[in-house]
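So the structure is just underneath, and the comments pick up after that.
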Amino acid sequence: MSEKTIVVLPGDHVGTEITNEAIKVLKAIEEVRPNVKFNFQHHLIGGAAIDATGVPLPDEALEAAKKADAVLLGAVGGPKWGTGAVRPEQGLLKIRKELNLYANLRPCNFASESLLELSPIKAEFAKGTDFTVVRELVGGIYFGERKEDDGSGVASDTETYSVPEVQRITRMAAFMALQHNPPLPIWSLDKANVLASSRLWRKTVTETIEKEFPQLTVQHQLIDSAAMILIKSPTTLNGIVITSNMFGDIISDEASVIPGSLGLLPSASLASLPDTNKAFGLYEPCHGSAPDLPANKVNPIATILSAAMMLKLSLDLFEEGVALEKAVKEVLDAGVRTGDLRGSNSTKEVGDAAVEAAKRILKN
């Protein structure tokens with residue numbers, strides 16, 4: 001038996017509820033698979049960490065994460081901590097940088113076709129949407145040179161990218177494309193008509209694909225045009241979508257409304273290619289901490305699907321990850337849903353249903 005260590009960072013507000021449901025489903029796998037054992041280690045991050053320690057990411061949490069097989073994160077932030085000098089989101093940025101989590105993967109698809117009616121896009125246009133945004137996560141404007149307003153009325157942020165950074169994220173996108181037969185097309189989003197960093201981005205993506213992955217195709221699209229296409233004809237972008245940190249942040253949030261709720265979409269942030277299904281990664285839902293949501297009302301599906309990604313990409317438990325995805329589809333098809341999906345079930349009820357479905361699938 002090989003024990004997998006998972007550092008759990010619940011974070012703020014609904015973070016504890018959603019990570020609890022994901023853990024519950026993972027423990028169900030332990031029950032069915034005697035050779036699988038998880039070691040869950042809980043630590044603080046975000047506003048909860050600020051309240052307890054004065055910093056958004058305590059050293060002990062970071063050190064535990066460095067030694068783990070994977071990290072499961074809930075959500076951070078909330079109006080309580082405002083936009084002061086010490087903010088919850090700083091903990092998230094720090095852990096990404098310290099763990100070198102350079103690639104953020106955000107799938108956009110329908111976990112169940114029964115959800116098509118909930119999409120703000122007409123079903124005939126939304127049906128079949130299936131792409132993954134591969135976002136560069138530790139470079140660009142979020143980590144560039146920054147100048148706060150010192151009273152002069154001027155502030156600035158600097159966007160910087162290097163060839164090695166762009167090559168690295170391009171190789172991740174290529175790897176993901178090659179997991180399919182035939183390989184998926186790659187879309188690269190930038191603002192090369194205006195930004196020097198985007199011109200370097202486009203040139204490097206093109207050269208890397210041509211030299212290292214000649215069997216793949218890449219199409220370049222300006223980010224503003226891509227944002228329009230995403231609403232007008234989302235299936236046009238089916239495949240792998242690669243882009244920079246800020247553009248990826250924006251376009252993936254826009255994409256997240258297509259399936260009908262932020263509560264459905266998982267994400268993975270990886271430190272290496274998952275070529276042996278053992279890449280170190282941090283897994284979290286795409287939604288925020290939802291401070292105004294009453295207890296037991298948050299949708300846990302995105303976090304459960306994040307756990308499924310963790311099983312497949314970091315813990316070398318691919319079959320179990322697929323089983324979780326099938327379980328989620330069964331739950332949604334059965335109409336067990338929280339309020340964001342026009343359902344009446346609680347967080348716990350959805351989690352319980354996922355547990356029972358996963359057990360049944362794994363036993364067959």
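Cβ from N, Cα, C; glycine included.
Feature annotation from Swiss-Prot assigns NAD(+) binding site to 78-89, 288-299; the stated evidence is similarity to another entry. The substrate binding site feature in Swiss-Prot is assigned to Arg96, Arg106, Arg135, Asp224; the stated evidence is similarity to another entry. For Tyr142, Lys191, the entry in Swiss-Prot reads site 'Important for catalysis', with the evidence type similarity to another entry. The Mg(2+) binding site annotation in Swiss-Prot covers Asp224, Asp249, Asp253 and is backed by similarity to another entry.
Features as recorded by Swiss-Prot, highlighted on the structure.
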residue	record	Cβ neighbours (10 Å)
Gly78	NAD(+) binding site	21
Trp81	NAD(+) binding site	19
Gly84	NAD(+) binding site	7
Arg96	substrate binding site	20
Arg135	substrate binding site	29
Tyr142	site 'Important for catalysis'	18
Asp224	substrate binding site	13
Pro291	NAD(+) binding site	14
Pro294	NAD(+) binding site	10
Lys297	NAD(+) binding site	15
Cβ neighbours of Asp249 (Mg(2+) binding site) where a neighbour is any other Cβ within 10 Å: 19
Closest of Arg87, Asp253, Gly288, Pro294, Lys297 to Arg106 (substrate binding site), Cα positions, binding-site residues only: Asp253
Residue among the recorded positions Arg87, Arg106, Lys191 whose Cβ has the most other Cβ atoms within 10 Å: Arg106
In the chain carrying Asp253 (Mg(2+) binding site), residues 6 or more apart in sequence that have Cβ under 8 angstroms from it: Cys286
Among Gly78, Trp81, Lys191, Gly288, Lys297, which are recorded as recorded positions, the nearest neighbour of Arg96 (substrate binding site) by Cα: Gly288
Cα distance (Å, whole number) from Arg135 (substrate binding site) to Gly288 (NAD(+) binding site): 18
Neighbouring C-beta atoms (10 Å sphere around the C-beta of Gly288 (NAD(+) binding site)): 16
Nearest-integer angstrom distance between the alpha carbons (Cα) of Gly78 (NAD(+) binding site) and Asp224 (substrate binding site): 29
